[in-house]
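Notes follow the structure.
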Amino acid sequence: MRVLPLALAAAIFSGVTAILVYLSGLSSYGGARVSDADLAALGALQSGFSKCVDANGLGLKAIPGEDYCRVVIQYPSDTDSKWKDPKTGEPEGLSFEFNLCEAVASWEQVRNSTTILTKEYIDALPNGWEEYAWRRINKGIHLNKCQNRTLCMEKLSLVLPETPPYVPRQFGRCAVVGNSGDLLKTKFGDEIDSYDVVIRENGAPIQNYTEYVGTKSTFRLLNRGSAKALDKVVELDETKKEALIVKTTIHDIMNQMIREIPITNPVYLMLGTSFGSSAKGTGLKALEFALSMCDSVDMYGFTVDPGYKEWTRYFSESRKGHTPLHGRAYYQMMECLGLVKIHSPMRGDPGRVVKWAPTKDTIEAARVASEKLLKRPGAGSEGPLSSCTMIKKREKGKTPKRSVVRHAALKHLEYMRGATRYPLERNAGGGYLCMINER
């Protein structure tokens, strides 16, 4: 008769223990405890974010989700969704869920990392040449995982610096210029030329459009097709000083053009972070590149105003776009996280103030809390190297020679103790490789 009460007591004890473990797990991840202050920081970010989207989104509304991280950006119900999924034939939806914790943690890491592929990065990776290097070479699968390292190095050598040519905060004000046909509605040319750095995309021309897109061009992000036409791309900038950043792989035809024409512009391969199902295309990679080296980033020529009907380019015929409503919502999220400032025909005032934009303190507190919730490496720890998944020492004599003179960049290098942080592109769990100087 006493067996049942004992069994019941054991079950109750087990259940209570499970509940306590569960509740404990809600506030502690990998030793990094999520405090009440952390939750308050996320709540403040979410609340301010919703107000920012409502105030600046030209009809978009932000609806808080089921927790402090999630938010839904909603289009007006009368929005005419023109784009259809080529696989299903279904029109694009009018609401999109975003995870603010993921976005804050990922983008703030981008701001403190390099986005240029280097030789020291490949050398430092475990089996970097056998497992990674060949993937950055067109048809690299035929290179037998770079067992002949000399051959692989020969194919990469023209685009592979030893150490990063750019560092975080190296530049002040940067403009990323997209290719949208909306650029022809507003004469942004002089305004764009006033930036310290201008980043353009693919084969977008400058001549004949200068009053709309400006004349300055510091960098150009290239997709696969544009990279294979490198000889034509270099003609777009009369100064021939534009640095060309290829986001895919190096081709033999590219190497041939660099050597034989010759092309004297700097050419590099991009090393980037994965943002999952976020806005796609060269535009997002251009923003990522800009955020990795600029204090502030402004964007022009992205289709971000209401009334989208088709993907247009300012220099050619209309083309089929890709998830335009999702893209507009994602870029609005970026603006309301303080990452970029949007310029468009309906937002043409250069002095426009982004209402309810978060402060640096708000973002920093939310980043710390987000990293704890997401179990990011080093979450809750202090110090510049706490987020590093791997730390490797540079060989003697290979410390990067810095010509950086901006105070903000020098302060960043001082904070990082001279270390360089790289995103681990092919690491399923994300993470960062940090290269430190030999002391």
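From the backbone N, Cα and C atoms, a Cβ is placed for every residue, glycine too.
For N112, N148, N208, the entry in Swiss-Prot reads N-linked glycosylation site. According to Swiss-Prot, the topological domain 'Lumenal' annotation covers 24-439, on the basis of a curator's inference. As annotated by Swiss-Prot, transmembrane segment applies to 3-23.
It is N208, among the glycosylation sites N112, N148, N208, whose Cβ has the fewest other Cβ atoms within 10 Å in the structure shown.
Summarising model confidence by region, the topological domain 'Lumenal' (24-439) averages a pLDDT of 91. DSSP assigns N112 (N-linked glycosylation site) to coil in the three-state reduction, outside any helix or strand. Of the recorded residues, N208 (N-linked glycosylation site) and N148 (N-linked glycosylation site) place their C-alpha atoms 48 Å from one another. Note: the Cα of N112 (N-linked glycosylation site) and the Cα of N148 (N-linked glycosylation site) are spaced 34 Å from each other.
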